[in-house]
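Feature annotation from TrEMBL assigns compositional bias 'Polar residues' to 60-77, 183-198. Per TrEMBL, the feature compositional bias 'Low complexity' maps to 155-182. According to TrEMBL, the domain 'Helix-hairpin-helix DNA-binding motif class 1' annotation covers 201-220, 231-250. According to TrEMBL, the feature region 'Disordered' maps to 52-77, 151-199. The transmembrane segment feature in TrEMBL is assigned to 12-33.
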Amino acid sequence: MLEELWDKYQRQIIISGVAVAVVTIVVALLMGACKNPKSNDLAGINGSSAISTSSGVSGDTANTDNKISGSTQSVTTKPAPVANTKIMVDVKGAVKNPGVYEVKEGMRITDAINLAGGLNRSADRKHVNLASQLSDQQVVYVPIRGEVKGPIVDSSATSTTNSPSVTTSSSSDNAVKSSSTSQNDQKSDSGQVNLNSASKEDLTKLNGIGDKKAEQIVAYRESHGSFKNVDELKQVQGIGDKIFETIKASVVV
């Protein structure tokens, strides 16, 4: 019976099956087409968001880097110039190597004298405050024994006012006044020349004493210390009995 039905309706069954298959395929395609635009839209939105977010993060990072770089550049400054702390002092008088010397801040008069080779044997250290602190343009004058008549310098003082041995003022006028005071002390009240404090120029004013003999007297004084008495002048090379008799009344110690 089935064979009879198949033979009778075979063509209709095949056509119906094909039609159903075609309809099914078409419906499936239509449904897929309806779903794909949404997926594409979502993918597009997600892609745009990702790109936007990435761009935003990159932009913010770049801006942050630029701000940090700008801040670093603005903070960077040139080093401040180092202040000039050079201190120059003029060491004079009874020292081995008088002259101008550079000292460091905080150094004392004793340091300046050491730079000048130290004191001569004739130096009167009692009238020099070796502990006094140095300053720029200061004149340090060390007197010869017997040159200064004033009181001994107080070791606690930072400068001397009654003695010309140390000039702590940076003014050249004060230095000139100190030098003038020393020159006035080189002669006694009677007009006699003090062998222990007289300069070469003062000695040349004596009868029979020229530049060479004056230099020899000064050299002897510096190497042997101060003269103990006037007769010791005869120990100086070039000073014979004749010259000594001529000048002995004009000199003192």
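Each residue's number is its place along the chain shown, starting with 1.
From the backbone N, Cα and C atoms, a Cβ is placed for every residue, glycine too.
Under DSSP, the residues of the domain 'Helix-hairpin-helix DNA-binding motif class 1' (231-250) split into helix, strand and coil as follows: 15 helix, 0 strand, 5 coil.
Here the domain 'Helix-hairpin-helix DNA-binding motif class 1' (201-220) has, by DSSP, the following mix of helix, strand and coil residues: 13 helix, 0 strand, 7 coil. Per-residue pLDDT, averaged over the domain 'Helix-hairpin-helix DNA-binding motif class 1' (201-220), rounds to 89.
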